[in-house]
Amino acid sequence: MLRRRLNRLFGGDEGRVHSRTIYVGHKSCPPNEAYIPPKFCDNRIVSSKYTVWNFLPKNLFEQFRRIANFYFLIIFLVQVIVDTPTSPVTSGLPLFFVITVTAVKQGYEDWLRHKADREVNEYRVSVLEDGRRIRKMSAKIKVGDIVEVEEDETFPCDLILLQSSRDDGTCFVTTASLDGESNHKTHYTVADLESDLQYLSSTIECEQPQPDLYKFVGRMHIYRNSQEPDVRSLGPENLLLKGANLKNTQKICGVAVYTGMETKMALNYQGKSQKRSAVEKSINAFLLVYLFILVSKALVCTTLKYVWQGKHDEPWYNEKTQKEKDTNQYLKMFTDFLSFMVLFNFIIPVSMYVTVEMQKFLGSFFITWDKDFFDPEIQEGALVNTSDLNEELGQVEYIFTDKTGTLTQNNMEFIECCIDGFQYKHGDGSSELDGFCVTDGPVNKIQQKAGREREELFLRALCLCHTVQIKESTMHRQDQIDQIDQIGQIDQVDGLGVDHEFLHPPQKEMGFIASSPDEIALVKGAMRYGFTFLGLESKNMKILNRNKDVETYELLHVLNFDPVRRRMSVMVRSKTGDILLFCKGADSSMFPQVRQEEVERIRMHVERNATEGYRTLCVAYKHLNAQEYARADADLREARLALQDREEKLMAVYNRVETDMILIGATAVEDQLQDEAAQTMEALQGAGMKVWVLTGDKMETAKSTCYACGLFKKNTELLELTLRTLEDGGRSREERLHDLLLEYHKKAVQDAPPVKLGITRSWSVAGHDYGFIIDGASLSMVLSSSSEPNSRRYKNLFLQICQNCTAVLCCRMAPLQKAQIVKLVKNSKGNPITLSVGDGANDVSMILEAHVGIGIKGKEGRQAVKNSDYAIPKLKHLKKLLLAHGHLYYVRIAHLVQYFFYKNLCFILPQFLYQFFCGYSQQPLYDAAYLTMYNICFTSMPILAYSLLEQHICIEVLLEHSTLYRNIAKNAMLRWKLFLYWTALGIFHGLVFFFGVRFLFSNPALQDNGQVFGNWSYGTIVFTVLVFTVTLKLALDTRHWTWINHFVIWGSLAFYVFFSFFWGGIIWPFLKHQRLYFVFANMLSSVSAWLVIILLILLSLLPEILLVVLRKPRGPHARQMKHRLPSSGTSTIFMLSQTASTHSFSWSD
Amino acid sequence: MMASSYNAKEEDGHHSGSSTHGGTGAAKNKKPDNTAFKQQRLPAWQPILTAGTVLPAFFVIGLLFIPIGIGLYVTSNNIKEYEIDYTGVEPNTPCYDCANSFTWNSTTSCVCTVNFTLVQPFESNVYMYYGLSNFYQNHRRYVKSRDDSQLNGVQSSLTNPSKECEPYRTNPETKLPIAPCGAIANSLFNDTLELYYNHPDGNMTKVNLVKKGIAWYTDKHVKFRNPGNEKDNFTERFKGTAKPVNWMKPVYELDPLDPENNGFINEDFIVWMRTAALPTFRKLYRIIQKKPDSAPTLPSGRYFLNVTYNYPVRSFDGRKRMILSTISWMGGKNPFLGIAYITVGSICFFLGVVLLIIHHKYDTRSNSADIPN
């Protein structure tokens, strides 16, 4: 961010102007003017953060900006400066470890970035200078250079396409590395340029760099023989983005407009806002409690110390040093306070952060490793973009799902069409002469078919009105086929029907590429009815009609699809010179634009199709006479040339042109439900989650999908708040909205049986199920009502209604409205955890807004996946992701957090209590080695293994009984009650440990030879009890003992014993104190010590065991817990073909 | 979280962005391994602690602990212990004068004699302890005020003791390094206790007090070592050092008669150097060996304790005690363990019974509830 800002500064004064001027080929333009080379940044990409020189300071600075690291640094510094009871090593070593590991990791990542940067920057590119081709490093490209790029190369910077090797002045690119969309996109050269770029003399005026990949406005002035310059408009279709690949085109030449850090790709390097999980918030809250405990402990001790010192300040046997005597009293008090803080600081351990982080990082691997998430179709498994939110998956209360591509497959199939009110369905077997089969048209007319002319017009419209491209057979090299198949973007058309095979020999394959699967479905549908789109050749669209004749249309304009207008059009000129406009679009956006006479007949079909769950489009056309066309053409060109507000101007022109059309018919395309969509939804609802469907689709279609998915059931009472219901009753919309909201609120909220929130409300609750339907327009009325108090009230009513409904359907939503809804729910009372799942670019906003964003690796590009936290191939995987993984992760990390606080409380409490017996002198109870190792070695591994492997309920049972998910709803395992329980347990243990040994030491002669034990023996006994108790406590909590758990738990205990022998077995050189020399061995030689250790461990665990017994076996799984499904037949093929390393760094990006 | 969320988001864009340049990047589109570990299907033991499994454990614990506790308690009770406070706080106690007349610089020792009577004879070995109260040997300043490497005979530390020994590091007048340095050594307990048995016939016998075997074996033989060459005499070995300020004689004269018990390896010294855990503590002073014949080690009767009163405790309200105790396999007399074991055992047993009742009731209930399922 900072760098970007700096770059702006380096860019000089251009930061203030709205556009930049580029001199193509660095030639002065117009030729007679003096050429002042403007200053732009060079094409060096710097994605690395550090250099060799600034790595250490910068990295350290960044690490210590984190509060916890800073806290530990402060503790360490206090230890170094002030005379503290524990050596700086005890906290310095763990801190050093954490910092080093982090630094090494970040350093490594930065090295990778350096490497990648170098690779990019030193890549050789061809630059045309004065007609010669010069190879130079990519980093040296300057704005204005003419760059030549060959097929399959990556564009080194953002280029304006000047010349293409293809005849029609187009080139194809894939932007897979930018937005993940791997379909081929067509880009166009600037029209009418000199064929020899050497003589081109022009300037380009374009906007300042901005990150939107799909927006670009510019203007090119071409100077020829000192005439007035020609002006050409430049749009995104002329701009080749850095990072995209040239495909299907031998080579292109382009002029660099944005370079280096100003390219759109570089500008898009920005982190998403960081999401914090509820568990982390709990941790922070607990931390505050512990910090409070820590400070109060230190305060109590300091106070008592000075009270006590009044009497016992300086006995003769223990005089102060001169320095101590000289120190100021208050300064001493302060340093004493700090010393106590240091002594007790282990209550907030560094290692917890490390362990939590490790748990999250390592735990997320299980998601990517899960073979149930593997989709054979796309050959991909799940993807984890952030490991910070694993446990949030177990806390979801609201699911916002997109419909198309998420609930449905986005795998379109042309089902039927309606021409002039007659329904046509493709008959599979009984194909008539022309492939048409008329099924029962609801309109009983004498003639069963629409006129042949209309039919053909309709099919022509289908063939022409699209942006589909033919995938050329020459391109069908094996690798590309693989890639294409994998993405599922194109459907291979297997022959074109029996009649036409002679025209298309079977060996010639043909494929369609399009940005939307609907279009392919329509083109293929038209093909079934005898009209085949043959392709676009230099602005001429060829179609093969039913009579096997090739018709050619000149493509004049494409009025592109956009989600606001919800339609697209083409203007073509037929052979006969007629100019036709074909338009297709959503019914609601089409009906106002067509002549009204046909509307009713078609509307009926459209609505019927929509209720059946089909996606419908209406098709219309209009003839343009020469004047009309001339005007439209001029308008369009002007709008396209506009530098400012181009979008708005274009939109206005589009709207003007697309009026007064004649409706010919409508199409119905089936979008099949995703596999197991209904089961998934049922499971999620059973788990207590509310499913909201947010879609841009029509209400009827969306509603039928909801029924199909089981979100709405037969007995669900639907509460509708749409434009239709609002317009009923003839009153103003606002009034009606008010009434409806109140009415629904009464129904759904007030009359509903009082059920406890969240936990017990169930889909099976007797009484009414309500479903709520709202559309975009009504929503915006609810959200932005005219008066402020009303608006807030409506919002509340709306939320309350929605929260009491089992399912909510929001249709006709703009992407931003989706995010608004998510935000509304997210910030509602109780701050429920929300999850958004979607597959397309229009879902990105809601994916980013929700607590957890899930991307479906669907067909609408990869933007959703890129912006998501987790990506899964199919909707059905959501069930396992939430019910099994989410549940387990939550339980694991919740236990991890509670356990960590607990074990450090009972670790430090004896040390605190000991202060009362040692004159508040900050004497540590445990040896420094134990203080340091406790969290690092003795007790860290078992909990880590637990938090990775624990399955308190096995996965099959979790999947089978979705209600189990409710047990952990609302952060159930990290509530204050449980936290208090754990704290109380920690305090109890601490008291038992300390006083048990204290009473034993009332006579320190514990050995059978009469010898006595000293303070270090005391500490060692307490510590031994401590280590064993906390480890066994975890063992008691472990419900899933794999060999790893066994190894780690018993291994830790064994290691503790071994270490203690080792630590006490040697007179350590370089150590000032040999405190523990043979202390442990001597302890073990005392029977009393053994007995007290056993007794105290048992006594500590007794309440725990008692609770386990008293606790009722939970849920239906109790009896099934032993039952495990045998692991499914292992496929050795996969095991052979796979190495574990494929995960690489995917977790971090 | 905070400390180590070093998968910092800011870099993500950079990383993912730049890695795309590198070409294909990691091939992620492979089927995950179907290994038990990766699929979280490792074979596992899934214990369920139910009343059924835990109840027997309660009874077993109860039945084990109660006898152990009784055994411990009996053992502890059989240990004979006699304790006598000879601080001399009360005016008419034998050591009152000595306690009051104490001065640091006195050259003559004050001796007082305390009479006491053992009602019961002490069989087997008797261990003689001295006990101090309100003496904070576990005070931090005190605990760290030592130099283990000096005590281990390291020559450089002998002449240049650790800073931790301040203010007992060097002699304030001669500036010579103190050996042994530090507050612990400086405050070595230096009362001399002698025990006389007053035979019923009026004869006095001095009870033989053994001063070896009172320190940990490893301390005596490894941790503590005299500096210098074995062959040199002690004066030579400690040359260039000063005695601790409060000591009356240098360290090499602690036991001039026995070179194996002199200097740093003097057992009284080693025992003192093992700092006590609590402000009231006892330390082993002498051992009275069991006589070869069957006569009790200390027969019942009158005894005199001869105290050479060198150690001032009145200034910090301390107390001094002499303790005679026999020892069992569990160490000295301490009823705590026995009582604790009996208590925990009884609780377990009691809980076992209660749980059995509850479990019985609960079980029938849950069984009947289970049937409809």
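Backbone N, Cα and C define each Cβ position, glycine as well.
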Name the residue range among A:676-695, A:796-815, A:1016-1035 that TrEMBL annotates as transmembrane segment.
A:1016-1035
Would you call the transmembrane segment (A:64-82) and the transmembrane segment (A:1047-1068) in contact, using three or more Cβ pairs under 8 Å, pairs 6 or more apart in sequence?
no
Fewest neighbouring Cβ atoms within 10 Å: which of the binding-site residues A:Arg615, A:Arg812?
A:Arg812
Out of A:Asp402, A:Phe561, A:Arg615, point to the one nearest A:Asp839 (Mg(2+) binding site) in space (Cα versus Cα); all of them are recorded positions in the record.
A:Asp402
Contact set, same chain, for the transmembrane segment (A:337-356): CB under 8 Å, 6 or more residues outside the stretch:
68, 71-72, 75, 78-79, 82-86, 91, 94-95, 97-98, 283, 287, 290-291, 293-295, 297-299, 301-302, 893, 896-897, 900-901, 904-905, 907-908, 911-912, 915, 922, 924, 931, 934-936, 940, 943-944, 947
Using all protein chains shown, find which of the recorded positions A:Asp402, A:Asp839, A:Asp843 scores highest when you count other CB atoms within 10 A of its CB.
A:Asp843
Return one of helix, strand or coil for A:Asn842 (ATP binding site), based on DSSP.
helix
Quick check on the binding-site residues: of A:Thr404, A:Asn842, whose CB has the lowest count of neighbouring CB atoms inside 10 Å?
A:Asn842
Helix, strand and coil residues within the domain 'P-type ATPase N-terminal' (A:37-91) as assigned by DSSP:
29 helix, 0 strand, 26 coil
DSSP three-state assignment for A:Arg615 (ATP binding site):
strand
Could you break down the residues of the domain 'P-type ATPase A' (A:122-263) into DSSP helix, strand and coil, giving a count for each?
12 helix, 63 strand, 67 coil
Take the Cβ of A:Phe561 (ATP binding site) and count every other Cβ within 10 Å, whichever protein chain it belongs to.
18
Restricting to the domain 'P-type ATPase C-terminal' (A:865-1112), what is the model's mean pLDDT?
91
For A:Asp402 (active site, 4-aspartylphosphate intermediate), name the DSSP secondary structure in the helix/strand/coil scheme.
coil
Separation of alpha carbons, A:Asp402 (active site, 4-aspartylphosphate intermediate) and A:Arg812 (ATP binding site) (Å):
11
